[in-house]
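Enquirer: Have a look at the structure that comes next, please.
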Amino acid sequence: MSDAKPMLAGVMGWPISHSKSPRIFAHWFAAHGIEGAYVRLPVRPEDFAEVYRALGKAGFCGVNVTLPHKEAALALADEATPAARAIGAANMIRFEGGRILADNTDAYGFIENLRAGAPDWDAAAGPALVLGAGGASRAVLQALLEAGCPEIRLANRTRAKAEALAAAFGLRIRVVDWEHRAAALSNAATLANSTALGMAGQPPLAMDLSMAEPGLTVTDIVYTPLETPLLAAARAAGFAAVDGLGMLLHQARPSFRAWFGADPAVDGTLRTACLA
Ligand code: ATR
């Protein structure tokens with residue numbers, strides 16, 4: 001009898017019914033002729049630890065972890081990558097030899113999406129303005145710092161949360177007032193929205209782009225709708241604009257590689273499959 005693991009993985013969250021990850025993996029299984037399964041795992045916070053530990057024994061190669069379990073997934077792991085530790089959360093888990101190995105691929109997904117969507121984008125070309133100081137912001141900050149961004153201006157409605165992130169992430173981060181965010185675009189190379197503003201059902205993000213200079217690249221972690229009011233305004237003003245769907249697609253790629261041993265493509269057919 002073969003002791004090869006079944007090609008079995010999934011995504012844990014609460015709620016999880018809206019996750020697009022099963023579509024991404026189904027598309028890649030078909031593209032690579034892999035007979036695998038990727039399942040939604042609705043897990044209540046109070047059940048998380050028990051289910052998490054049981055999945056490896058149940059034959060899962062790994063799991064993705066989403067809200068509200070990302071911090072617990074890191075805290076309960078046996079080992080964690082530097083990326084997961086820096087972000088303080090895990091979204092990709094491998095079960096190996098009875099151990100739980102935690103990683104975070106959100107920063108990778110953010111950068112790969114920017115590079116694919118704006119090939120001329122250069123992190124080192126100038127400061128970045130990051131809006132928001134929630135969980136998603138930590139991955140964006142880590143990504144931009146790692147990519148070589150010389151300075152990050154961080155604006156959040158609740159300034160204290162931005163101050164706490166700046167203290168955790170170091171000297172290259174400068175907190176600016178939410179009310180003064182438009183002025184912080186002066187000589188910026190990158191503008192990233194990491195708040196939920198602009199998402200369907202949320203208020204739009206009010207962002208005056210008139211202080212921005214040519215060469216600015218604007219990106220949004222929001223992908224419903226794909227063209228947020230922020231991205232539409234950026235495009236109309238002649239700036240490069242990169243939607244957030246690619247971050248979701250690219251962050252899934254290292255999981256597929258690690259669990260199933262094939263390198264899947266992030267391309268137009270995958271985007272179409274996700275939007276259908
Ligand atoms: P996530 O983990 O997905 O980043 P979060 O931790 O709830 O979600 O963070 C949401 C972000 O959107 C925060 O930066 C939040 O600002 P506050 O820290 O001041 O709450 C921001 N946000 C949400 N609604 C907002 C609004 N109406 N105006 C400005 N910022 C808003």
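Positions of Cβ are set from backbone N, Cα and C atoms, glycine also.
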Enquirer: For the NADP(+) site, TrEMBL lists Gly132, Ala133, Gly134, Gly135, Ala136, Asn156, Arg157, Thr158, Arg159, Ala160, Lys161, Gly244; sort out which one of Ile100, Ile111, Ile221 goes with them.
Expert: Ile221
Enquirer: For the recorded shikimate site, whose residues are Ser19, Lys20, Ser21, Thr66, Asn91, Asp106, Tyr223, Gln251, find every other residue on that chain with a C-beta no more than 8 angstroms from the centre of their C-beta atoms, and list them by sequence position.
Expert: Val11, Asn64, Leu248, Ala252
Enquirer: Below 8 angstroms Cβ to Cβ, which residues of this chain, lying six or more residues outside the domain 'SDH C-terminal' (244-269), approach it?
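Expert: Same-chain contacts beyond the flanks: 7, 9, 20-21, 24-25, 27-29, 31-32, 34, 36, 61-62, 64, 91-92, 94, 103, 105-106, 108-110, 112-113, 116-117, 219-223, 226, 228, 275.
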Enquirer: Please list the binding-site residues from Ser19, Ala136, Lys161 whose Cβ falls under 6 Å of any atom in ligand 1.
Expert: Ala136, Lys161
Enquirer: Out of Asn91, Ala136, Tyr223, give those binding-site residues positioned within 10 angstroms of Lys70 (active site, proton acceptor), comparing C-alpha atoms, in sequence order.
Expert: Asn91
